[in-house]
Each structure stands twice: as structure tokens, then as C-alpha cells.
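Student: Quick one: this structure, given as C-alpha cells, is what I'll be asking you about.
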Amino acid sequence: MIGRRKTLQRLMSRPDADTPSRGVFTRRALVVLGAQMAAFGLLGHRLYGLQVLEGDHFARMAENNRVSRRLIAPPRGRVVDRFGIAVAANKVNWRALLLPEETSDIPGTLDRFSALVPIEARDRARIEREIRHKRRFIPVMLHDFLSWDDMARIELNAPSLPGVLIDVGTTRNYPFGPLLAHVVGYVAPPGEKDVAQDQTLALPGMRVGRAGIEQTQDGLLRGQVGAVEVEVNAVGRLMSELSRDEGQPGDEITLTIDSGLQQAVLGRIGDQSASAVVMDCRNGEVLAMVSNPSFDPSLFDSGVSQAQWQEWATDPRTPLINKAVAGVYPPGSTFKPAVAMAALQAGTLSPTDRIFCPGYLDVGGTRFHCWSRYGHGSLTLKEALKFSCDVFFYEVARRTGMDAIAAASHNFGLGTNLDIELPHTRPGLIPTPEWRRAHGQHWNGGDTIVSGIGQGFVQVTPLQLATYASRIASGRAVQPHLVRAVSGRLGASAEGSHWPALDMPEPFLNQLRVGMYAVVNEEHGSAPKARLDIPGVQMAGKTGSAQVRHVSRALRESGHFDSSLLPWEYRPHALFICFAPYDAPRYAAAIVVEHGNAGAAVAAPLARDIMTDTLTRDPSNRKEPPGQVVAEVEDFG
Amino acid sequence: MNFQKRLLRAEPNFRILAKLWQVNWLYVLLICALAMVGYCALYSAAGGSSRPFAGPQTIRFAIGLVMMVCVALMSPRVLTRLAWPLYGLSLVLLVAVLRMGHVGKGAERWLVIGGVQLQPSELAKIALVLVLATWFHRVSYRRMVNPLYLLPPAAMVLVPVGLVLKEPNLGTGVIIGVVGATVFFGAGMRLWQIALLLLPLPFLGKLAYSHLHDYQKARITTFLNPESDPLGAGYNIIQSKIALGSGGMWGQGYLHGTQGQLNFLPEKQTDFIFTMIAEEWGYVGGIAVIGLLMLMVVGGMLIAMRSRNQFGRLLGLGIATNFFLYCAVNLSMVMGTIPVGGVPLPLISYGGSAMLTVMFGFGLLMSAWVHRNDQFGEGEDRS
């Protein structure tokens, strides 16, 4: 303070002290300062004019005539099957919204509203939280899915409900319900984390994909937010609309799925806990992907009840999990063609080599049994595949080694990430000595032997099995995919086959195909029940039964072992992989029946029926869906 | 090591505490008061939340405050040495922003360096003041009669003005030019020289208008008749006037300004922050803010007049004038007195680049105060 006074004193007493330039400066600075103060004075005067003298005029303009920008949620894109049949669409939904800026008494309005249309305590907490966090001109959703009665009651009482408006929105609708739930997925209202990432999600009616295609294609399906510019009066009532930008509706996603075939496949599976994948083996399009049991995806939009969730989560048949991509199973004997390929490529087996099966193989003091107690005698590769001899593949695996088997399996797509447009997929596992070491364990010779028949640590998904069958059939590294087109623009892989050839010699692949043909079509093959009943068309396939529990030798040798007498969860899984037509492969399929006991008895006839349906419908070669559904299904739930 | 030695040689009495004592803390208090007003306004602009504006802005202000004190401790000897490199850097950045700057609202203004948005024209203003003060510090008042001594500093003003106009940023370009002219005036340019310079000005103005961009011409025409295009270019001015008017004498109350809170007011956290304050606090609040800004300018000018070296005087004059022009242009803009151009209200509007350069400027001003009695290398013929 004192310093300042001194400054002023010095300034006043010696205006041009020290130097001429200081004198000039002080005079001129005072001129500048004077001009600046005058400018501030003018601004203050102008402000007085605007705020006080003309204030009323502008204030009235504010009351009567205000332009407001309101955002509108774009319609979410539809999901259709390959023939354009909607599998996820939007349904009209009447809902009540509250515009917080238009009511002075929010709790009172809420109380009066819930007297007309009850609001649950949980919802009320959410509403109050949203009112606190959102901007006051963003409407908050009070109640979804209003009935006509509810709407009438609200409209009648409108005067006592300031700020409440009824709005028509859309809700996600899945016409096929549980049939395609795992593929299409479902949507749910955005959580607070989603809103933090993208403010526009706060608009009522916006949805976020939480599973399946809805999740992985969320960005495309969501579209661009639009805006309306409206004139509103003092209380925010809409006076007129000035401009409208509808935004960009979400893209329409066309799936590779044929919903009719999907329905037929589910009809064949019935109520077994099972999974089936049907693919076009030339271009990788997934035509049907069934995981049973399933759930109703539309329940998630309005909120799933605690009891329902509990029921799904504790069901041992895992309805919420898409078994086709997230269920991992030991492949059992379906793994044998991959082992054979590894051996052919490694040179440890030639197509003419014979191996003798006495019914068991002794390695390092352990005896490994063939499924046939009496043995198969001397076998070539083709015969070993045909009879599904275990000893043959024990020996082949022993000669070839696990690293080569793993390499061939990975080439076939087994134990790899297939990059399909679905979330929560599991890669499965082809074990190697290195993997075992990484887990601090030692790899035993016996581990290789049991891996030779797809047991032990080997785990694959049904989708991988279908890809594997496709690759054997086509000789190309086809990748399975579900999205055929986006808003009518076909994806690159929709037509023809551009997939690179597998790194496997064609004669070797042919050995596998011949063996798989023999399994189904030759006398004494292991899956005669898979023979097609279509003249001139043959199917090639391979059975598999995967133990889920160790069976002791004593029990097996007692002769009284019958796995069908075991409790359900201890029975072996039944598997089957196949492709058809044999001479010009077009379709490939994989079927896994959880705890279905035996591949040959349970999965093979299922595969025959599914392949028959597929060939009859022939979805890859049609533009329009066939007229009638092949298998009538009463209720696909 | 070498730099430290040179620094110590330039400043033999390197006593930080003594210098800190010399800082004009009353003025710092005034700065903090304005920043406080800014915090309250930004809190309201976010609908009653410190996110996303008020919180980050406070952090920037704190950084700016520390920077200001650091700059205040630097002696004019050091500052005159820093002037040229800083000026050179600002020119480089101005060229860079022309070549690869980010286009915002039809004009290239932003440069992003390491994730930080930078507005080189802000830096250019400060650097220009610094380099002009350095120049006129060495050239005596008497020698300035010779116009040859005025040519280099004239070039120093015109180069950045030209570059900024090319961005194109009309408002900032004019501000830089006026700041430069004021320093010339304060340094003692003869009145006949000024008269000679003003003669061709109308001709130059005509030339400039023909080089304006369409959106700038639109601003001038809609300014003359804002109601002609209520949803287009005149929208901002009309909405701003409506908001001011609905504030009235006593205001609508903090956090309750309808126009601001209902989002009718565009860019209310940046250019139109004053409108928002005046709507919520009324004419009383608006005039109080204007009063605070006036105090800042008066204080700056007094600091300048108190300095016993030409460098400090011109530095103070330039910084205070720069601050004044910011305020005056922004206030005129929101009151519909001059065409709208992106000039923020210093210390109050949201924005990091402006905040930091304004605080850097106050650091220079404070250095002029701290070292007001220093005498060094002045090209002055003492009487």
C-alpha cells in the first residue's frame, strides 16, 4: 500500500523525471489510458442500454420466441437374414418422459405420476439420479412400454403433470426370439460408462448392443444422431419446427444365416443341449448356427428380472452361452483326420503304410486301449479312419509328435481365433509340450498318445470343427463369417472363393476325404446312419465321442460298462463333422450334442438330417427363400 | 552450466526472496479476483458443474500463476535477450499454423503440439511487445526523429499482422496492429510522423475489405442488419442481446439464466461468457466485471509509468493495452457493437492458450514492476 502511494506521489511531483523519453511517455500513456477508460465507459453505457433501457423488449423476445435445438435418436439399423427376412427390427414403444426444466416441483410430479402409473423403487432411484446428472433440457425416461390405459390416464391428468410428455420411441424386436438369440445378440439401455464415452447415448431410445452381432456391429447399427431446430415459448412448448436433420439411420446388416435353415436345424436338435454349425465350405458363410437351449433376447431391452437371470445363470445347460463359439469340447475321433494330415506332412505315415491293431498299445508301461476290445488287425489310413481305430492313431501320434500335430490343427483352424463377428468367443486349445511347460508341468509321452484321438487337453469349438470340415472339403483356408452385406453392399467374401489354398498337398487332403467318405458310405463304416437318402449325392463325415470323465480299465474290461447309464453330466459328448456333396463339396457342418453319448448313434443321424435339409434348401444357390419350411417346428423355445 | 553463469552475470543480485517481496501482490490479488469470476461463470456454463470447464480452467490458471511469478523474477536484461528468440519462434509458429494448422470455424488458427492446442497469434502479440520494447529501449527519443529508425520496428509489426490476417483472423490481426501502434506512440513517435502515416489509411482499408473472406464479410453485413438472417450469421448477436436483455438490472440469479442454461446462447463458455454473467447477475454484475477489468488496465498503466527504464515502460504499456483490447473487443462483440470474431474475454473465458499467454504477459508486466528502478543499456542521452 505504502509503495503504491509513494509511486503516485513521485508521478505527480515529477511528471518528467530522469529523461525526456519518460516525460513524453507519461503524457502519452495518460492519453492512452484516458481513451481506454472512455471506451470502458461507452461499453458500460451500452450495457445499461441493452439490459435496463431496452431490457424489457429483449426479455419479451426471450419469453416468446426462442430457438431450441433438440437431438433425435436415429433408428437403429435392422438385421436381416440372407434372404432379407428381419431377425432384429424396431417396434413402436410409447413412453413417458420428464423434461426437468419444465417442472419446478420434481418430487411432486413424480409422486403424482406414480399414483397413475406405478414406478418401482429401483426405477425411481434411477430417474432421480438421471435428473441430477443430465442437463435440464434433456428429457428423462419415466416409464417404458405404456399401455393404452396408462396413456389415457396420463393425458387426462396432464395439467397436474408439468414437464411430463408422451413420446413414441422404438424398442428392439426379435421376431425369431430364442432361435437366433446367440447370433444376433441383444441390446440394452446404455450404462453410465457408455454415456461417459459418447454423450449422444444419453438420448432416450438409444441402445447399446450387448451380445452377438448387435454388439460387434454396434457402430454400424447405431447411425448418426439427428437434430431438430424448433421454436419454443417460455415454458418450452413447441411452437414451430424450423429445420430438421433426421440424422443417419443405422446400417442394415445382412447376415449369412438362412433363418429357415436355422429353424430346420433347431427342429432336428429338438430339446437336446447341443450346438450345430452349417457353413458354405467354399466361401465360409455360416448358414446356420444353433446353440440350444436359448433365451429370449427381447427381455434385455426392458430389463431382465432377477429371478429370470438366476435361472439362466444356474442352468447346467448354459442357455446364455453361445456353445458354437464359446463352448469348448474335446474333439474325440473327429480330430483323427488332423492327426493323419500332420503325419502325412511329416512323412511319418504314407497312404500305403499298414499298422497292426491288437486292441491296445503299450507305451512306457502304460496300456492304451482301442475302443474295440478285440482289435482291428492290420489297417491302412483309409481303413483306420473308416473304423475310427484308436490304436492306429495312438501309433501315428507317437511317431509324429505333438508339435507337428498342433501345426496341422492350427492350419485347419482348430484351437485358433477365427475372427468371426461375435463377441466372447473362446479359442480352444491344441496342447503342446511348450504350453505344458509354460504352466510348470511336464509333457508326458502319454499326453501325445491320447491327443492322437482328440482326448486329453485338446479342446475345440463347434465353429472350429465346421471350419475344419470346410477346409478339408475345399482345400482352402476359408474363414467363417456371419455378415454378408452392410446396407446392401456385399462383403468381399460373399461370392466365389478367394480364400488362399491351404498349405497342404491335395493328394494328402484327398486321403482324408476318401477316409471320411468310407466312414459314411462303405460297408462296416463307423457311421452308416449318416448316409444320405438323396439319390446320387453322398456325404463324407467323421464321428467323435469325447469322454468327459476318465473310465478305468477295470470298469471297461468288466464288460458291463455302458455310458448311457451314467448320470447326464458324465456321459461323453457326441460329435460329428461332415461335408456334402462328396464329389463337389458345397456345405460343411459340425454337430456337438453335449453328453449325447456316442457320435455314431446320436450325432451321425442328426448330421444326416441337417445335411439333407441344407441340400434341399440349398441356400447358397438361391436368391429367394424356398417356399416351405422343411421341418415344421411348433415352438422353438 | 554455461547458461547459468551467463544468467548470473546478467543478474548479479540474484536474490529470489527479495524479488518475491517486490512483486505487486495487490495486482496479483486483482488477477485472482477476475479468475474467481471466471470460475463461477464456467461453473454455471456447465449447468452447475465444475466439469468440463471450470475445473480444468482452474488448473491452467494455477499453472499460469506460477509461470507469472517466475517471469516476474527475470530481470529486463534477461528479457531483452529472450525477446528476439521468442519473436522468431512466434513467427515460425505463425507460418506453421498456416501450413498445417487445424481449421476451426472457417479459419486456420490452431496448432496441436504434443496434444496441446496452441494459438500462435496469442504468443505473437506478447513477443511483439517484447521485441518492440527492446528496440525502442536502445534507440533514443531524439534519434527517433529520423524515420529510418522506425522502419525496422514497423516491419516487426507488419510481418505478424500479415501472417495473422492470412489465417484469416481479422480480430486478432487488428489487435496486434493496434498494440504495435500504441507502443510506437508511447515510445515517442513524432506527431507529424503519425499524421503522415494516417493519410493513406482509407485507401488501405478499401484494399483490405476486398481481401476479406466471405464469412468475414457476412459478419460485417449481418452486424449492420442482424435480423436479416435470424438463424444464420446474425443468430449469435441476437441471442446474445436477448440474453443480456432478459438479465435486466438485477439478473435472473446464479445458475438460473434461461438463455444460457437452455443452450440458446452459443459458445457461452468461450466468446459469450460475459453475456452469461450479465444474464445471471444483471447489469449490476456486468458493470462490476467491467469495473474489475478497468482496474486491471489502470494498474497496468500505472506500473508502466512508474518504471525508470524505457523497456519497462513500453513493456507495461504494450501488455496493458493488449489486455484492454481483448476486453474491449470481446465486450463490444457480445453487445453487438462490432462484428463477431473469436476473441475471448481474458482470464474469464474457457481456453488454455489464451489463459497462459495472458498470464505470461502479466509476468512481464510484473517484471517491469519488480525491476522498475533498474537502469541498463538505454540508448538515452541523459539530461
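Numbers run from 1 along the shown chain.
Backbone N, Cα and C define each Cβ position, glycine as well.
According to TrEMBL, the protein has these features:
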TRANSMEM  B:25-46  transmembrane segment
TRANSMEM  B:58-75  transmembrane segment
TRANSMEM  B:82-103  transmembrane segment
TRANSMEM  B:148-164  transmembrane segment
TRANSMEM  B:170-187  transmembrane segment
TRANSMEM  B:281-302  transmembrane segment
TRANSMEM  B:314-335  transmembrane segment
TRANSMEM  B:347-370  transmembrane segment
Student: What same-chain residues lie close to the transmembrane segment (B:58-75): Cβ under 8 Å, and 6 or more beyond its ends?
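Tutor: Same-chain contacts beyond the flanks: 10-11, 16, 19-20, 23, 28, 31-32, 35, 38-39, 50, 82, 347, 352, 355-356, 358-360, 362-364, 366-367, 369-371, 374.
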Student: With a cut-off of 8 Å between Cβ atoms, can you find at least three pairs linking the transmembrane segment (B:25-46) to the transmembrane segment (B:281-302)? Only pairs 6 or more residues apart in sequence count.
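Tutor: Yes, the stretches contact each other.
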Student: Based on Cβ pairs under 8 Å, which of the stretches B:82-103, B:170-187, B:281-302, B:347-370 lies most in contact with the transmembrane segment (B:314-335)?
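Tutor: Stretch with maximum Cβ contacts: B:170-187.
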Student: Taking a Cβ cut-off under 8 Å, which residues six or more beyond the ends of the transmembrane segment (B:281-302) line up next to it in the same chain?
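Tutor: Residues 24, 26-27, 30-31, 33-34, 37, 244, 247-252, 254, 274, 316-317, 319-320, 323-324, 327, 331, 348, 365.
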Student: Using Cβ atoms and a strict cutoff of less than 8 Å, what residues sit near the transmembrane segment (B:170-187) while being 6 or more residues removed from its termini?
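Tutor: For the transmembrane segment (B:170-187), the far contacts come to 121-122, 124-125, 128-129, 132-133, 136, 141, 144, 150, 153, 156-157, 160-161, 164, 194, 212, 216, 304, 310, 313-314, 317-318, 321-322, 325-326, 329, 341-343.
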Student: Quick test of the contact rule: Cβ under 8 Å, at least six residues beyond the ends. What residues does that give for the transmembrane segment (B:82-103)?
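Tutor: 74, 109-112, 117-118, 120-121, 123-124, 126-128, 130-131, 133-134, 156, 159-160, 163-164, 166-167.
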